[in-house]
């Protein structure tokens, strides 16, 4: 709220050396659909989403090739550590990435995130043992906390009428990444076995059977990093100009900027985070557990699928998520707004009824009710005495003036 208030105060004034003010000024002068800005956001979000689930179609076979599991039934146990290492790193650094983005700018965080995909995703494809896979995935998640900063960047680079479209582009691109990522991991892993006419066992991709999907994503991330070098910075690097504000506005601005309420006391925020955590748990559990179950041999109760089959199934499920976001999400949002309006109407009705009861209570009789309250006679006598004294003083002063 403090940032919104400060932005409102600085709405009609642009500072010359402030990158955020330059972006705001360009937004005011620009007319038409922000195609280039939304395309940039689309590419960055896709670069972030692709590495998340691209490994699950071939993770079972990768752990098996590491020969760390003594039994084939134990492969899923070790695969869980590799799968969670990415999210563990993101959990530890997401708040830090947000703080850095608010203090030093969105662009450095975006560049670090896309460059980390180039480096650590390639190293993950070159992993030769279990611990190298865990470390590279952990580092990839640690430097890839882009979801919050890219949402802020999307809101700050487009005009107000296109901000809803910018946020929907972020969520839609995330769904597209969950479609393309597993498909790339499934169809490009183990190329020497799937496409022996194109890749030999003695080639680089034969020695590192899981490098090709990781390398393809890294090449795309390198292209996005080069494009991100040209994006403008949107963070304001100046303070509110107190000379241009009235004393009341200056006081209110500093008060709004200095207020720091505890997030743990913000129950709507905490409830939203809890619900989001539950859905994220279900999503990641389905993606990882299903891939392990589908890759497992039939003798252990699995489906015996290949990496390409698992990639196809995960891509289809991701396509269902995309359809939901594009079509059903808008209806769900409308229903949510209707529910909020109904709740506000009910709350307003209870509030009005309570006020009506307070007005009609014996302590607060309505107009026309002559029931005397305790102490009313004494108050009237005091007012009459005070009025008489004032009248006597006025008469004495008038007589002195005449004399």
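Cβ from N, Cα, C; glycine included.
Unlike curated records, TrEMBL annotations are generated automatically.
Pulled from TrEMBL, these are the features on record:
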- 370-386: compositional bias 'Basic residues' (COMPBIAS)
- 37-403: domain 'Major facilitator superfamily (MFS) profile' (DOMAIN)
- 353-403: region 'Disordered' (REGION)
- 38-63: transmembrane segment (TRANSMEM)
- 75-101: transmembrane segment (TRANSMEM)
- 108-128: transmembrane segment (TRANSMEM)
- 134-153: transmembrane segment (TRANSMEM)
- 165-188: transmembrane segment (TRANSMEM)
- 208-229: transmembrane segment (TRANSMEM)
- 269-293: transmembrane segment (TRANSMEM)
- 313-332: transmembrane segment (TRANSMEM)
Any chance the transmembrane segment (208-229) and the transmembrane segment (108-128) have 3 or more Cβ pairs under 8 A, given the pairs are 6 or more apart in sequence? yes
With pairs fewer than 6 apart in sequence excluded, do the transmembrane segment (165-188) and the transmembrane segment (108-128) have three or more C-beta pairs that lie under 8 Å? no
Given 134-153, 165-188, 269-293, the one sharing the most C-beta pairs under 8 Å with the transmembrane segment (38-63) is 165-188
Candidate ranges 75-101, 134-153, 165-188 - greatest C-beta contact count to the transmembrane segment (269-293) (under 8 angstroms): 75-101
When pLDDT is averaged across the domain 'Major facilitator superfamily (MFS) profile' (37-403), the result is 79
